[in-house]
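Participant: Dumping the structure here so I can ask a few things about it.
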Ligand SMILES: Cc1cc2nc3c(=O)[nH]c(=O)nc-3n(C[C@H](O)[C@H](O)[C@H](O)COP(=O)(O)OP(=O)(O)OC[C@H]3O[C@@H](n4cnc5c(N)ncnc54)[C@H](O)[C@@H]3O)c2cc1C
């Protein structure tokens, strides 16, 4: 069979891939676009808000694990990703956060292009969403910074239509945040996310709103699902075709006239570039792959790891797993069982001194960047254990506190395990390797656990921490926190940076040193952003899409 030819080929039908396929097909109706996704087009488990989430191991995920982590005594963590049309947005927890304005302003100044600043990205954050403000803070919301006719419905616990969401432990949660000295923030997506606010999420009426179904594809898009791209082919330095695994789509090769957009996610975009000869010499030589261009592909990888604490309350029928799924007070199927999340900084003397002693150059500048959060907490009404190893107490209502590091200084890598495209990559998120990262997560966990002890969680509900050794229950020393860490550590799956802007791609997301190839996904973040990543990846894809059809598009560089 002759190889089919397309104007554009998009590799990876995740957040960025689906958004780009939709926008390009709308803007360039005469161009042919091939969207290739390694997983299936549909899966009935995705649409319900409580469908696939919380990192179950399923056949619509890559189910990768990290390499042994030095700071975890050789332990490993899940590094799963979505393998289905919609990518991780089909399996994620649906938190919708844009992050802090200073993070993007820093991004723009590091790459020398103000379109990546907060003001530069704001139109695209708006373009993505149909925003439904939280009822709790609507008076103080800023309508000017939200979008009202975008593909993704972004609601809040109090404003998502569908079943009631009066979680029985809600006011207790609020009391904990108050006791932790975290002020209420009426809009976590204003560019200043400090304090706690209602969980913004891309769920409405009990249904996930995600890339694959919310972004419509025009008739000029051809979809090859269940098809994994194994290699990019070049003539001199111009990309000319893609190859797929021999047993996928009859092993058909597809030729490209204009561009290939790699949107395969932070792990697989790097893997594909490396398999195609784009990467560091030493890494390619190890696998006998001829080098096309020498770029630091796969370096600069990071993730957002956490310590979880688990709490059992005295009364029953107050939390997910211990109540009817649908009751007059709460319909657990109406959305993710989470009321609040919050972001914080750590400018205390001890942390600042450690940062100054152990970080330098860009790392210390980023750490000290005013207005950039270092950590986040997220509270869930139930036993939410991502390790899958901790048993909840029988017949009890429980809640979980995630103490998350969102500004890691540690950097790891994504490398090849072999030259075979069928083998998973070697993924090293370097969790908590940097001493400042540990200090931050310990401080946050101390702060939240102390607040819980002082709050109505204990005085009214008799909360007791579980899933820890008896002898450290009241101990919040670094040693005791390390035990909690080793027991509960995972990440919230916010990988980024393996094809960083500035180092691997330019500010148009074009891969340096070759023609006709872009990477557009979470790989291009130059450093970790203090947020959950999907809203940012949508905005990156929306922003990048403008380059293709806006003829009077003028660079401000
Ligand atoms: C369990 C989990 C929970 C999360 N929770 C949240 C959350 O609550 N809020 C939030 O904002 N973010 C969350 N995230 C992160 C967020 O979803 C991702 O950062 C975001 O989806 C990344 O988008 P992307 O386009 O870079 O990649 P992806 O969405 O991962 O898309 C990549 C796509 O490419 C496909 N692909 C890969 N390799 C190939 C190949 N060789 N050929 C063809 N196709 C290929 C994949 O199958 C996938 O569909 C979560 C992630 C996970 C895994």
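The first residue you see is number 1, and the count goes up from there.
Using the three backbone atoms N, Cα and C, a Cβ is placed for every residue, glycine included.
Keep in mind that TrEMBL annotations are predicted by a computer and have not been checked by a curator.
Since this is a predicted model, take the numbers as computed values, not measurements.
According to TrEMBL, the record shows the following:
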type	residues	note
ACT_SITE	494	active site, proton donor
ACT_SITE	532	active site, proton acceptor
BINDING	84, 229	FAD binding site
DOMAIN	6-305	domain 'Glucose-methanol-choline oxidoreductase N-terminal'
DOMAIN	408-541	domain 'Glucose-methanol-choline oxidoreductase C-terminal'
Participant: Taking only the residues in the domain 'Glucose-methanol-choline oxidoreductase C-terminal' (408-541), give me the average pLDDT of this model.
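Facilitator: Mean pLDDT across the domain 'Glucose-methanol-choline oxidoreductase C-terminal' (408-541) comes out at 97.
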Participant: Out of 84, 229, 494, point to the one nearest the residue listed as 'active site, proton acceptor' in space (Cα versus Cα); all of them are recorded positions in the record.
Facilitator: 494
Participant: Roughly how many angstrom lie between the C-alpha atoms of residue 229 (FAD binding site) and residue 494 (active site, proton donor)?
Facilitator: 23
Participant: With DSSP as the yardstick, break the domain 'Glucose-methanol-choline oxidoreductase C-terminal' (408-541) down into helix, strand and coil residue counts.
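Facilitator: Computed counts for the domain 'Glucose-methanol-choline oxidoreductase C-terminal' (408-541) are 49 helix, 21 strand, 64 coil.
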Participant: List the Cα distance (Å, whole number) between residue 84 (FAD binding site) and residue 494 (active site, proton donor).
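Facilitator: Cα to Cα, residue 84 (FAD binding site) and residue 494 (active site, proton donor) are separated by 18 Å.
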Participant: Taking the Cβ of residue 84 (FAD binding site) as the centre, count every other Cβ atom within 10 Å, in any protein chain shown.
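Facilitator: Around the Cβ of residue 84 (FAD binding site), 28 other Cβ atoms lie within 10 Å.
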Participant: According to DSSP, folded down to helix, strand and coil, what is residue 84 (FAD binding site)?
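Facilitator: Note: residue 84 (FAD binding site) is coil by DSSP, not helix or strand.
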Participant: What three-state secondary structure does DSSP assign to residue 229 (FAD binding site)?
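Facilitator: In three-state terms, residue 229 (FAD binding site) counts as strand.
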Participant: Counting across all protein chains shown, how many other Cβ atoms sit within 10 Å of the Cβ of residue 494 (active site, proton donor)?
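Facilitator: Around residue 494 (active site, proton donor), other Cβ atoms within 10 Å: 26.
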